[in-house]
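**Student:** Please find one structure pasted underneath; my questions will follow.
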């Protein structure tokens with residue numbers, strides 16, 4: 001019999017923060033090896049990290065420091081992209097906002113995403129960035145959910161795989177909540193079912209979302 005989950009909103013913990021960090025160090029070693037001939041240097045030629053907000057902020061903060069442990073200099077940039085609303089499934093529409101991104105022409109770019117699910121968001125992000133003609137562009141995802149694909153896409157680097165369930169924690173959210181949870185957990189269906197009904201009730205009553 002499995003022990004009870006320590007989170008009352010989750011059915012189980014898939015990966016603890018410590019387990020993720022161990023896996024991230026393994027990925028960082030691979031990245032350091034793969035870019036060893038790219039002459040990466042602070043200021044002159046850092047690896048440009050493009051973090052996809054909002055979900056990747058926790059992952060990015062940890063990953064760039066771990067990359068630093070392996071001698072990989074980085075510059076961090078952010079863009080906003082989303083294909084989820086209040087639901088647990090992608091709505092299929094991708095909104096990418098990359099205003100203010102540095103000039104990546106001729107630079108080595110590594111896109112960091114919290115979760116690779118349908119692949120619609122990451123495909124749109126990569127295609128958008130390629131227009132700026134970087135020297136190279138690769139993707140690193142904290143969580144890969146292969147069962148959720150709507151289009152073919154393979155990330156060059158993956159920290160952990162999960163089954164086709166809805167997960168939160170370590171920056172991953174459900175309707176902007178649960179990002180602060182340190183571990184990656186499976187959200188109880190009762191949570192999003194109840195909240196979905198509440199949103200419908202408020203909509204019908206003409207109430208603003210709190």
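Cβ coordinates come from backbone N, Cα and C, glycine included.
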**Student:** For the GMP site that Swiss-Prot assigns to 54, 113, 114, 115, 116, 117, 118, 119, 120, 121, 145, which of the candidates 33, 173, 175, 183 is also assigned?
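**Tutor:** Swiss-Prot names 173 for this GMP site.
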**Student:** Given the GMP binding site residues 54, 113, 114, 115, 116, 117, 118, 119, 120, 121, 145, 173 in the record, what is the largest Cα to Cα distance, rounded to whole Å?
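**Tutor:** For the residues that bind GMP, the greatest Cα distance is 18 Å.
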**Student:** Round to a whole number and give the Cα-to-Cα distance in Å for the pair residue 116 (GMP binding site) and residue 173 (Mg(2+) binding site).
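**Tutor:** Just about 14 Å between their Cα atoms.
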**Student:** Using a Cβ-Cβ cut-off under 8 angstroms and a sequence gap of six or more, which residues of the chain neighbour residue 173 (Mg(2+) binding site)?
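**Tutor:** Non-local contacts for residue 173 (Mg(2+) binding site): 54, 55, 179.
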**Student:** To the nearest Å, how far is the Cα of residue 117 (active site, proton acceptor) from the Cα of residue 145 (GMP binding site)?
**Tutor:** 5
